[in-house]
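Peer 1: TrEMBL lists these features:
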DOMAIN    1-378  domain 'FMN hydroxy acid dehydrogenase'
BINDING   TYR2, ARG143, HIS266, ARG269  glyoxylate binding site
BINDING   55-57, SER84, GLN106, TYR108, THR134, LYS242, SER264, 304-308, 327-328  FMN binding site
ACT_SITE  HIS266  active site, proton acceptor
Amino acid sequence: MYAGGSAGTNSTYRANRQAFEKYGIIPRMLVNATTRSLETKIFGVTHSSPVFIAPIGVQAIFHPEAEINPAKAAKALGIPFILSTAASRTIEEVAEANGDGYRWFQLYWPRTNDVTLSLLKRAKDNNYKALVVTLDTMSLGWRPHDLETAYIPFAHGWGVQVGKSDPVFMARYGKQPVTDEHPDFPYNPTGIDKGIMDGDLKCREDTFFGMEWLKEANSGLYRDWNDLKFLRENWEGPLVLKGIQSVHDAEKALEYGVDGIIVSNHGGRQVDGAIPSLLALEMIMKSPKIKAAQQSEKLTILFDSGIRTGSDIIKALALGAQAVLLGRPWLYGSIVGGQAGVEQVLRHTLADLDNTLGLAGFTNLSEIQGKGEDVIVKLT
C-alpha cells in the first residue's frame, strides 16, 4: 500500500489518470514513419528518449537492493536517473552503481543550511548534474492508510541513509557518518516496535536517527521564493523546481531564474482533491511568458504524475512538456524482479512510445512537442 497509496481519498491520484483519458491522439496516415527517433535534448544534453526515472524514496522496503536497482537499470538503458533525499542508499553508493550514467539529485529541502550545503557538496562531488528541489513536501501529506496502520518506515530509520551518511548531520550527535548501512529486508515494523519496547539498542538508535532526519528533511518549515537565492548561490548546475501546479508559480520560477520546472502533484500523495497534473501542464503552457521562455531555452518544462503508457507520454509532450518522469511502474518492476524488472518496465514503456509514435504518423518528438491540437484533441 505504501507505493500505491495517496493522500486522503486518493482523488488526486485518480484525477491524474482520468485527465489523460480526456485527450485523444489524432493519427496521420501515409506518413513514412519507418525510421523514428525518440531523442530529446534537456539542458544541452541529448538523451535517447524523453523518459527520466523519477525520484522515489525508501526503496529498501520493496527490494533488498533498493535504489541500486533503478540506478543500474538507468545506466544500462541510457536513461537519466534522479535520486531521492529519502533514499535507503547513500548518495555515493548510488553514484557508484550508476557509474557514468546521467543523474540528478532530488532535494527535500533541509531545515538547516549547514546540512543543505553538505548534501549539495556530496551531490556535486559525485557527479549529479542537476538539482531537483521538491516544493510540495515541506511536510508529509495526509495519508490515511499509513496513519491508520502506523506504517511510517522513516520513523524506524528506513529511507534515512542519506542523512545517516552525512558528516554534518551526524556530527550534531557526536557520531561518524554511517556509509555502509543497509536495512534488513523485509521491513518488519512490528518486530522493530517490539525491539524498541524490549530495549534493543540498535532499534532505538535507528528510530532516533529516523525521527531526527524526518525533522530535518520534512520539517514543516515552509520556504518562500526568496529562499531560492541560497540554493542558486550554492549550486552551479541546473536548478529545477518540482511540484509546480499553477501558472503563477511557473512564471515566478522564471522570474527567480530557475532553469526548469517539473509540473507535478507528487503522484497524488500530497494534496487530496488537487487538480490533475496534466491539467496544470495545459494551463501553464497557455502562458505566453512560459512559452517564450521555453522557446528561448530559458526554462525547461518537465512533467510528472500519472504517466503509464506511450500514449500518455505523447499527450504530455504535445501539451508542452519536453520530458516526463516515470515513477510507480518501474518501482513495481523492481519489487517483482529487481534490476531486471526495472529494465523490463522501462523497455516496454519506450517500445510502446516508439510504436505509438509511428502509428500516429510521426517520426520524431519535435513533430509533437508543444504542437497541441495538431497532435491531440480534447474529447467532449
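Yeah, the Cβs are placed from backbone N, Cα and C, and that goes for glycine too.
No curator has checked TrEMBL annotations; they are predicted automatically.
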Peer 1: Quick check for you: of the binding-site residues GLN106, THR134, SER305, which have their Cα within 10 Å of the Cα of HIS266 (glyoxylate binding site)?
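Peer 2: So the list reads THR134, SER305.
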Peer 1: Cβ within 8 Å of the glyoxylate site centroid (TYR2, ARG143, HIS266, ARG269 excluded): which residues?
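Peer 2: For the glyoxylate site the neighbour list reads GLY5, SER6, ALA7, LEU140, GLY141, ASP146, GLY267, GLY268, GLN270.
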Peer 1: Could you say whether, by DSSP, ARG269 (glyoxylate binding site) belongs to a helix, a strand or a coil region?
Peer 2: coil
Peer 1: Give, as a single whole number between 0 and 100, the mean pLDDT over the domain 'FMN hydroxy acid dehydrogenase' (1-378).
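Peer 2: The predicted confidence over the domain 'FMN hydroxy acid dehydrogenase' (1-378), as a mean pLDDT, is 95.
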Peer 1: Would you count the other CB atoms within 10 A of the CB of HIS266 (glyoxylate binding site), including those on all shown protein chains?
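Peer 2: Taking all protein chains shown, HIS266 (glyoxylate binding site) has 25 Cβ neighbours within 10 Å.
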Peer 1: Could you tell me which of these binding-site residues, GLN106, SER264, SER305, has the greatest number of Cβ atoms within 10 Å of its own Cβ?
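Peer 2: Selected residue: SER305.
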Peer 1: Between the Cα atoms of ARG269 (glyoxylate binding site) and THR134 (FMN binding site), find the distance and write it as a whole number of Å.
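Peer 2: ARG269 (glyoxylate binding site) and THR134 (FMN binding site) have their Cα atoms 13 Å apart.
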